[in-house]
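Lifted from TrEMBL, the feature list:
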- 30-496: domain 'Amino acid transporter transmembrane' (DOMAIN)
- 1-22: region 'Disordered' (REGION)
- 33-54: transmembrane segment (TRANSMEM)
- 60-83: transmembrane segment (TRANSMEM)
- 114-137: transmembrane segment (TRANSMEM)
- 157-178: transmembrane segment (TRANSMEM)
- 199-215: transmembrane segment (TRANSMEM)
- 221-244: transmembrane segment (TRANSMEM)
- 313-331: transmembrane segment (TRANSMEM)
- 351-370: transmembrane segment (TRANSMEM)
- 413-433: transmembrane segment (TRANSMEM)
- 439-459: transmembrane segment (TRANSMEM)
- 471-492: transmembrane segment (TRANSMEM)
Amino acid sequence: MGGEEEEGSTPLLLKLPKASEEQEDHVNRNGTIWTAIAHIITAVIGAGVLSLAWSMAQLGWIAGPIAMVLFAAVTLIQSTLLADCYRTPDPKHGHLRNHHYMDAVRLFLGERSVWICGFLQQLSLYGAGIAYTITAATSMRYTFTLDLVCSYFSEQALYYVFSFATQSASIWCLCRAIQKSDCYHREGKNAACSYGDSFYVLLFGVVQIVFSQIPDFHEMAWLSVFAAIMSFSYSFIGFALGLAKVIGDGTIKGGIGGIPMASTAQKVWRVSQALGDIAFAYPYSVILFEIEDTLKSPPPENQTMKKASMTSIFITTFFYLCCGCFGYAAFGNDTPGNLLTGFGFYEPYWLIDFANACIVVHLVGGYQVYCQPVFSFVERLVAGRFPNSGFVNKLYTIRLPLLPPCSTNVFRLCFRTVYVATTTGLAIFFPYFNQVLGVLGSFGFWPLAVYFPVEMYLVQKKIRAWTKKWVLLQMFSVGCFLVSVFAFIGSVEGVISEKLS
């Protein structure tokens with residue numbers, strides 16, 4: 001398409017600074033393809049994977065797997081487009097870096113688009129924090145086998161949490177959290193093993209207040225690697241339990257059309273919620289630039305990022321299909337909304353306890369992957385407005401047991417604490433797992449994962465209107481928009497229905 005990329009074909013690309021005018025940021029970039037894969041997997045395999053069996057049950061054996069593969073393809077396309085927008089004007093050797101998603105939108109699409117993108121991006125990241133809090137609290141509520149230890153620590157909890165912060169809060173979480181599977185093991189499947197979520201939401205919030213003091217992405221590779229190991233662990237356990245149940249029952253449950261509903265309208269709403277859940281499970285466009293900004297060069301960052309994205313999406317899709325398909329095959333029309341905490345599985349209870357503990361540990365890292373871009377954006381904005389303020393800019397070193405030392409300031413401590421507190425509060429008010437995931441996934445899917453990446457790529461590559469590539473990308477964008485609107489309407493209906501019921 002040699003005629004498609006002519007110089008001067010678009011007026012949208014703002015005037016770039018010369019190489020000598022770019023301010024050197026002195027950031028030590030030593031990330032590799034493996035750290036990028038760890039960041040991506042930590043961000044992607046999270047709350048979403050647990051709802052995929054339920055999504056499969058709504059869509060059925062044909063539409064379910066097709067939907068997962070199509071969303072994986074969309075994610076691969078948008079990550080490839082964005083990877084080429086990190087450096088400008090040349091994707092491989094351009095002297096100007098876009099450190100954040102909004103930096104790229106400002107450069108390629110102008111200031112007006114930044115306001116729209118900024119609102120959607122920050123809201124999407126904030127919503128991911130709420131979803132991860134709900135998921136972690138649910139897993140904490142459903143697990144733990146050491147009853148005697150729980151009894152002891154229930155009396156000492158407040159002392160440990162506020163005296164030793166992360167170390168003791170983590171112990172407390174594990175001691176109080178892992179209860180429900182043990183209750184079913186002792187009392188039977190029909191026992192009224194009911195525990196409130198609010199207590200565990202608050203505990204997860206306490207842990208996140210401490211971990212939120214990690215300065216930025218460049219200093220949390222260790223957390224992402226550890227969290228990625230946990231995500232593999234519980235995803236594999238969910239897949240293995242589903243496979244074992246299918247083999248044990250000797251039958252594959254489910255149907256072509258999914259779970260039948262009383263009316264066509266109810267079926268449509270359920271299908272739209274399922275698509276919203278799948279949409280939540282895949283995209284990571286809002287943090288792609290932050291991940292790419294950690295990579296060392298050579299080789300060019302966009303090449304490393306494309307390889308990391310392809311590998312990560314292949315791995316996650318494999319696990320998604322395994323968990324979704326075998327979960328649906330095991331339970332059919334009785335598939336729970338959350339594969340490991342909806343208690344389709346009761347035994348072996350110790351393995352389910354371990355899987356839920358892995359979920360909690362992973363979501364500690366996943367929460368940070370999604371909130372660090374928000375922290376960075378707000379702190380850069382405030383530091384620019386008040387460059388001489390000690391409240392904003394004076395750093396102090398904090399040392400906590402079992403954690404590396406980190407630097408913080410009073411503003412960072414206050415803002416990040418309030419941020420975590422608000423996500424915790426909303427998670428208590430809207431504890432509806434599948435419906436919340438559907439709203440969040442569908443809300444940010446088209447604008448952040450499709451529209452802005454497509455438009456930025458068109459400008460970066462100087463692709464003229466009505467050429468073949470331009471038409472294909474616009475058709476891709478419009479198709480994703482229709483799916484996103486459909487999923488959003490149904491998911492909002494689900495949240496309202498749950499709240500009013």
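Cβ atoms are placed via backbone N, Cα and C, with glycine included.
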Inset, instruction - Rank 60-83, 114-137, 313-331, 413-433, 471-492 by Cβ pairs under 8 Å to the transmembrane segment (351-370) and hand me the top one. - result: 114-137
Legend entry - Segment-segment contact (the transmembrane segment (60-83); the transmembrane segment (199-215)) at 3 or more Cβ pairs under 8 Å: no
Inset, instruction - Grab the same-chain neighbours of the transmembrane segment (413-433) for me: Cβ-Cβ under 8 Å, and only residues 6 or more beyond its ends, written as numbers and ranges. - result: 47, 50-51, 126, 129-130, 133-135, 137-138, 197-198, 201-202, 204-205, 208-209, 212-213, 337-338, 371, 374-375, 378-379, 382, 494-495, 498-499
Inset, instruction - With Cβ distances under 8 Å as the criterion, find the stretch in 33-54, 199-215, 221-244 that has the most pairs with the transmembrane segment (114-137). - result: 199-215
Legend entry - Tertiary contacts of the transmembrane segment (471-492) (same chain, 6+ residues out, Cβ under 8 Å): 74, 77, 268-273, 275-276, 279, 435, 438-439, 441-443, 445-446, 449-451, 454, 457-458, 463
